[in-house]
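Swiss-Prot lists Cys251, Cys254, Cys257, Cys285 with the feature [4Fe-4S] cluster 1 binding site, giving similarity to another entry as the kind of evidence. Residues or ranges marked as [4Fe-4S] cluster 2 binding site by Swiss-Prot: Cys261, Cys275, Cys278, Cys281. For 266-295, the entry in Swiss-Prot reads domain '4Fe-4S ferredoxin-type 2'. The annotation topological domain 'Cytoplasmic' is assigned in Swiss-Prot to 1-23, 97-149, 205-327 on the grounds of sequence analysis. Under the heading topological domain 'Periplasmic', Swiss-Prot lists 45-75, 171-183, 349-469, citing sequence analysis as support. According to Swiss-Prot, the feature transmembrane segment maps to 24-44, 76-96, 150-170, 184-204, 328-348, an assignment based on sequence analysis.
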Amino acid sequence: MSEPLYAPRTPIFPRQISGAFRTAKWWILAVSLGIYLLTPWLRWDRGPNLPDQAVLIDIAGRRFFLFGIQIWPHEFYFVAGLLIMAGLGLFLFTSAAGRVWCGYACPQTVWTDLFLLVERRIEGDRNAQIRLHRQAWTAEKVWKRLLKWSVWAAISLLTGGAWVFYFADAPTLLNGLVTLTAHPVAWITIFVLTATTFVFAGFMREQICIYACPWPRIQAALMDEETITVAYRDWRGEPRGKRSETGRGDCIDCMACVNVCPMGIDIREGQQMACITCGLCIDACDDTMDRIGRPRGLIGYLALSDEHLERAGDTPKPAWRRLFRLRTSLYAVLWAGVGVTLIAALLLRPAVDLAVTPVRNPLFVTLSDGSIRNAYELRLRNMSGEDRRFRLAVDGSAGLRPSIEGSAGLDVPVAANATGLVRLYLTAPQGSDPATGALTDLRIRLDDAGGPEGGPVAAVKAAFHGARS
């Protein structure tokens, strides 16, 4: 019998637990939230006429600033490369340790953990929350819920507010928000992120992971028998029962592993799509084993191949052999390869870029003296920290006369970290070869007119269209 595609949500009230994995999750939460909230306020001196915010996505200026690095619009391949690295990183972690990203560092997990912390501080732990949930709307329930929702809303507002600071100068935007003079886009973005954070982390929680996120389904293609996941050693724990009963396994069916699970699953039923590999059930089970005097590890991180070995009474392989195998090594090599390529491209990129766009409406113009003229839009990017002066030249011109609109010469000054826009005209005399046909081996060259060497710094191929081309 097939299961329904969607099941109505049953509220989950995870019990507070302490242990190594819970501590690791708290540290990751604190560090990741600290980085997210504080990064927009870091300053970085880039000189005059440039923003001093260390990390800034300047949509209006069409540039991305990352400390001492500037990414220009034509360098979007750097962003694509970073996205590829992020994807390969997820493949690597999933192949090695299952959904460890989901359980420890995913924003949905981080904010849900923070909301759960607030919920416990106000309403109490699991049993108190269940009692409050079931009781009628008394004065106690009303004020506790209102207080909890208010704190959630404040966290959500802080989340949305921090995000918009990445897209504008943080102190300036904060002043605009306080004085109610900020751009409407900022207010809309904050509202949307506040609302989604409040709903996703406060009310939907595990449903986002199960129904909205595609990663649980993708991970199936990335995991194999060598992938380390959370597993229940049923050959040791079964049959379940009280410790006073003879012939029973180590599992006393205390339900601690179920009660601490933020996804509400029972790991003893085997690996499930909803499991986010957070390890909280391991902390809960280890605590129970300590109390009843049994060895830890009834629930633990375990590869399927190790499970087969342990069932047979053999010694499992060392963890490093699980992590460093052909699949994970391939992902690691690809990840490192993309990273090295990006670093090399960043270090070797030129300080000047020239982009040429032929004006095609009209394709050419016949002047009063019978000569043919083509027009080109030139975009000169000076990506250095100094003002530069360039001189335009044309190779393979075969008698073409270059000129710049609004200028008597061919020199073009471009300020530091700026883009210069010019219109270049190439004119072919009447009866010349370019005027009567197409000249395709043309090169528009940019020379350094202000430096001591004065050599070419950029060149782009172009075509000249005559009357019969």
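Note: Cβ is positioned from N, Cα and C throughout, glycine not excepted.
Sequence features, as recorded in Swiss-Prot, placed on the structure.
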{"residue": "Cys251", "record": "[4Fe-4S] cluster 1 binding site", "Cβ within 10 Å": "23"}
{"residue": "Cys254", "record": "[4Fe-4S] cluster 1 binding site", "Cβ within 10 Å": "16"}
{"residue": "Cys257", "record": "[4Fe-4S] cluster 1 binding site", "Cβ within 10 Å": "24"}
{"residue": "Cys261", "record": "[4Fe-4S] cluster 2 binding site", "Cβ within 10 Å": "24"}
{"residue": "Cys275", "record": "[4Fe-4S] cluster 2 binding site", "Cβ within 10 Å": "22"}
{"residue": "Cys278", "record": "[4Fe-4S] cluster 2 binding site", "Cβ within 10 Å": "25"}
{"residue": "Cys281", "record": "[4Fe-4S] cluster 2 binding site", "Cβ within 10 Å": "27"}
{"residue": "Cys285", "record": "[4Fe-4S] cluster 1 binding site", "Cβ within 10 Å": "29"}
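For the transmembrane segment (328-348), same-chain residues at least 6 beyond its ends with a Cβ under 8 Å from one of its own Cβ atoms are 69, 77-78, 81-82, 84-85, 88-89, 91-92, 95-96. Only residues 6 or more beyond the boundaries of the transmembrane segment (24-44), in the same chain, are considered here, and those with a CB under 8 A from a CB of the stretch are 52-56, 65, 67-68, 103-105, 110, 113-114, 158, 162, 165-166, 170-171, 278-280. In the three-state DSSP assignment, the secondary structure recorded for Cys285 ([4Fe-4S] cluster 1 binding site) is helix. The secondary structure of Cys257 ([4Fe-4S] cluster 1 binding site), as reduced to three states from DSSP, is helical. Per DSSP, the secondary structure of the topological domain 'Periplasmic' (349-469) breaks down as 4 helix, 67 strand, 50 coil. Taking the centre of the Cβ atoms of Cys261, Cys275, Cys278, Cys281 as the [4Fe-4S] cluster 2 site, the nearby residues of that chain (Cβ within 8 Å, site residues left out) are Gly103, Val230, Cys257, Val260, Pro262, Met263, Ile265, Ile267, Ile276, Thr277, Gly279, Leu280. Long-range contacts of the topological domain 'Periplasmic' (171-183) within the same chain: residues 41, 161, 164-165, 190, each at least 6 residues beyond the stretch ends and with a Cβ under 8 Å from a Cβ of the stretch. According to DSSP, the topological domain 'Periplasmic' (45-75) comprises 3 helix, 12 strand, 16 coil. Ranking the binding-site residues Cys275, Cys278, Cys281 by Cα distance from Cys257 ([4Fe-4S] cluster 1 binding site) puts Cys281 first. Within the same chain, residues 39, 166-170, 346, 349, 353, 355, 381, 383, 385, 415-418 sit at least 6 positions outside the topological domain 'Periplasmic' (45-75) and bring their C-beta atoms closer than 8 Å to a C-beta of that stretch. With respect to Cys278 ([4Fe-4S] cluster 2 binding site), the closest of these binding-site residues in Cα terms is Cys285, chosen from Cys251, Cys254, Cys285.
Across the topological domain 'Cytoplasmic' (205-327), the DSSP tally of helix, strand and coil residues reads 53 helix, 10 strand, 60 coil.
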